[in-house]
Amino acid sequence: MNASDASMTVIGAGSYGTALAITLARNGHRVVLWGHNPTHIQALQAARCNQAFLPDVPFPDSLQLETNLAHALAASRNVLVVVPSHVFGDVLRQLKPHLRADARIVWATKGLEAETGRLLQDVAREALGETIPLAVVSGPTFAKELAAGMPTAIALASPDSEFADDLQQLLHCGKSFRVYSNPDFIGVQLGGAVKNVIAIGAGMSDGIGFGANARTALITRGLAEMTRLGAALGADPTTFMGMAGLGDLVLTCTDNQSRNRRFGMMLGQGMDVQSAQDSIGQVVEGYRNTKEVLALAQRYGVEMPITEQLWQVLYCGKDAREAALSLLGRTRKDETAKL
């Protein structure tokens, strides 16, 4: 592969970044995959698969591994960032000096900035300046299923219509990967952050043993919280009925491939927060997102009772069953009020 003929450079060689790189390469594109740990990248190159996360999925020939960041970024103008939300800003600042003059940035990171609760678009603008085109992809995607070529659909949003069109064409594969465009840049970002929080609650409910009725109620009222917060931030409420909202919410609340759900289940079964995180062994985005989403809601005066109770459990030591009873004991109200 020549240094400047790749369709996409993927930053982040974890399970999801690898799965997206495989999907792009399988679609017939030349792809460069870079990760921060050279030893890990060298192991991927030697095995031609990600043995840690996706051991049964061989890399297509058109997927190139790269340990040198400057070389990886020189290979393509299109850069897909797939890193945890708490390091998102740091990674973009690391990329900035090496980006091509015509670079365009899209991310699959789901969450808000650690501590500040800012949307990732604001973090990206601060790190990269005002001229680089930005986009986000989000939706119901488990890395193992995506890498295996199982049917998957996501949403894509960008303020730059040309970039959005190019990305949709680049990512879309009629055989297995469907990409819906969405003009709501804020909503597509926010859905991926809030669903992480609600998934912890759904897992916690199941861990306690409350059953399907309670889980479904949490999903439904969690969607209401997501929609209220989105409306306050200027998002289109209909976005939350799509892939980046309801789609991702249902997936992560109901399937044990979700780290957030498994984390919540452990808490519901009586495990402490640190032990549950250690047991998962990977980043649980919803843990940090809970604090950040609640702070954002309070800033905008949005009521989010599920998120608030989860914050009490995660950061104040409240018992999970007691938190559930606090939600059930709230004042009676109209289901559709302030949606």
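Using N, Cα and C of the backbone, Cβ positions are placed for all residues, glycine too.
Annotation comment: Swiss-Prot describes Ser15, Tyr16, His36, Lys110, Ala143, Arg259, Val283, Glu285 as NADPH binding site, evidence class sequence analysis. Counting only same-chain residues at least 6 apart in sequence, those with a Cβ under 8 Å from the Cβ of Ala143 (NADPH binding site) are Ser15, Tyr16, Thr18, Ala19, Phe53, Leu54.
Counting Cβ atoms from all protein chains shown, Asp248 (sn-glycerol 3-phosphate binding site) has 29 others lying within 10 Å of its own Cβ. Sequence annotations record features per position, and here Swiss-Prot assigns sn-glycerol 3-phosphate binding site to Lys110, Gly139, Thr141, Lys195, Asp248, Ser258, Arg259, Asn260.
Residues or ranges marked as active site, proton acceptor by Swiss-Prot: Lys195. Mapped onto three states, the DSSP output places Lys195 (sn-glycerol 3-phosphate binding site) in helix. Cβ neighbours within 10 Å of Lys195 (sn-glycerol 3-phosphate binding site), excluding its own Cβ and spanning all shown chains: 33.
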Per-residue Cβ crowding (10 Å cut-off), top of binding-site residues His36, Lys110, Arg259: Lys110
By Cα-Cα distance, the member of binding-site residues Thr141, Asp248, Asn260 nearest Val283 (NADPH binding site): Asn260
Surrounding CB atoms that lie within 10 Å of the CB of Tyr16 (NADPH binding site), all protein chains: 23
Least buried by Cβ count (within 10 Å) of the binding-site residues Thr141, Asn260: Thr141
Secondary structure of Arg259 (NADPH binding site) (DSSP, helix/strand/coil): helix
Residue, out of the binding-site residues Ser15, Gly139, Val283, whose Cβ gathers the largest set of other Cβ atoms within 10 Å: Gly139
Recorded sn-glycerol 3-phosphate site residues Lys110, Gly139, Thr141, Lys195, Asp248, Ser258, Arg259, Asn260, farthest C-alpha pair in Å: 15
